[in-house]
Amino acid sequence: MANPTADTAIDIEHVPVKDDPRQWSRARKTTTLCIVSLATMVSTLASNIQNPSNSLIEEALHVTSSQISWTLAVFQIIQGNFPLLWSVGSEIKGRKPVYLVSSTLFVVGSTVLALSNTIEVMIVMRALQAAGSSAAISISAATLADIYDTHERGTMMGIFYAAPLIGPALGPILGGSLSQAFNWRASFYFLLICGAVTFLSFLILFKDTYRRERSLTYRFALQRLDASKEPVKSPNESIIAGQDSSMPVKDVEKQLQPLHVPDATPALISTPGLDDFRLSIQDINPFPPYFQILSRKNNAAILTANGLVFGFSYCLSYTCARTLANRYGYDAFSTGLVLLCLGVGSIAGSVIGGRWSDRVLASMKAANGGKYFPEMRLESSKLAMLWLPPSVIGYAWVCEKHVNVAVICIMLVLIGFTSIWMYSGTLAYLVDANPGRSCTAVATNSSFRGSLAFVSVMTAVPLQDALGDGGLYTAWAGILIVMELLVMLVLRKGESWRRESEEREREILSN
């Protein structure tokens, strides 16, 4: 048989497998969607539920504001970057084990936080809590990619992403209410209960969606295992007939590259001994897959765009709370109600934008003779691009001129709606454009998002004090225009960039 070429490369997402998650019943898929949505909602809720209690924590533990800031900063950095490690493990050992381990860490962290009496313990436990919560943020999107095909993925991503948006919207209200009704520890007890429910949901109701035959990370790890042994059998042996089981390792590696598999090919059969596959340090090293995702220019542009959107969102929620407290005299609960408008707009934008994304994708696919490429997904973002910068400028000067708070609420709804409309499409594109590496791609996205959110929050107060809301958010509108240009660049050049990257990676593997 001739060696496969680029022209016969397989669509790894559709390699036949046993118990294909995309063939599951609607009830099973919906259950999976609800569980991962709950997990991501709890993860994002944990990021800001503490904020209304900060002054109470300072008083109770006799600490300074700068020390409290460390609990927030550590959480942001760990939650943004730890998914890189979770994602690698989930692409080799499966989604469910990672969900269970991470949920356990979250429960332990929340428990100790609720009982802590020193700021040092709080900082360490917030880091542990962030590490535990971070798995759901990255792996959930990959889980949905496991069970939903590309033509419906935009809609389901939109529905799914509404859940983690509820967390930031409700966090300040819940935190403020619990602190006022009980004490500052109540917020962490609440997270403990949420974490326990999430753990039990994964343990009892969740069925693993991972199929190793559809994971490039697993295949590459298997190559390293095979290279260290004598003659081996490839997992693709059931696909490629007539191959000698004692062929050289280099030929095995070539077989493990993406191959053409007809639709009628039976599901891949597990190779003896591979069920006991053990990870090495090299297999769980998150940096090679991280830099491999970044090496593709289309990924780098979209990751930067997504990071800027989230940096803006975190800056907005933080500084809006300061504006409402300092200029409007609002307490924590009232501030939370106003910020809920941002959450409502975001949820609406996620759901509607996701459906619009699938509709545009189907229309473009039909116009292209049934042929599909991931960049089609980004066409749906154009509509939101027209409205996002004007909405941000409107918010800037409404706050600057101290206009009635009802107008601020309207601006927040518009900003949330348009920004997340765009984000739901770009996130779905990131998954579509990295078949076999969707979990790593989303984890890398989380790293960009968390890091840029950290930077934006740390610089928000000095910039707001120096420029005012008008100057600060006029500048942000300009940054968001640059973000939109990045998306348009990928829409225009992304397909050729992807093909160049894929060809380069195939050449590296073949050497």
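Using the three backbone atoms N, Cα and C, a Cβ is placed for every residue, glycine included.
Look at TrEMBL and you will find 32-495 tagged as domain 'Major facilitator superfamily (MFS) profile'.
Look at TrEMBL and you will find 98-115 (among others) tagged as transmembrane segment. Distant neighbours of the transmembrane segment (98-115): 39, 42-43, 46, 86, 89-90, 121-122, 125-136, 139, 185, 188-189, 191-192, 195-196, 198-199, 202-203, 206; these residues of the same chain sit at least 6 beyond its ends, with a Cβ under 8 Å from one of its Cβ atoms.
Same-chain neighbours of the transmembrane segment (127-147): 13, 21-22, 24, 29, 32-33, 36-37, 39-40, 42-44, 46-47, 74-84, 86-87, 90-91, 95, 98-99, 101-110, 112-113, 153, 156-157, 160, 164, 191, 195, 198, 209-211, 214, 427, 431, 438-439, 442-443, 445-446, counting only residues six or more beyond its ends whose CB sits under 8 Å from a CB of the stretch. The annotation transmembrane segment is assigned in TrEMBL to 127-147 (among others).
For 159-182 (among others), the entry in TrEMBL reads transmembrane segment.
Residues 31-32, 35, 38-39, 42, 45-46, 49, 96, 99-100, 103-104, 106-107, 110-111, 113-114, 129, 132, 136, 174, 178 of the same chain lie 6+ residues outside the transmembrane segment (188-206) yet bring a C-beta within less than 8 angstroms of a C-beta in it. Under the heading transmembrane segment, TrEMBL lists 188-206 (among others).
Here TrEMBL flags 300-325 (among others) as transmembrane segment.
Same-chain neighbours of the transmembrane segment (337-357): 154-159, 161-162, 165-166, 168-170, 172-173, 313, 316-317, 320-321, 324, 330, 377, 380, 383-384, 405, 408-410, 412-425, 428, counting only residues six or more beyond its ends whose CB sits under 8 Å from a CB of the stretch. The annotation transmembrane segment is assigned in TrEMBL to 337-357 (among others).
Positions annotated as transmembrane segment by TrEMBL: 404-430 (among others).
Within its own chain, the transmembrane segment (473-491) is flanked in space by residues 298, 301-302, 304-305, 308-309, 312, 315-316, 375, 378-379, 381, 385, 388-390, 392-393, 395-397, 399, 422, 426, 429, 463, 467, 497, which lie at least six positions past its ends and keep a Cβ under 8 Å from the stretch. Feature annotation from TrEMBL assigns transmembrane segment to 473-491 (among others).
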Averaged pLDDT score, the domain 'Major facilitator superfamily (MFS) profile' (32-495): 78
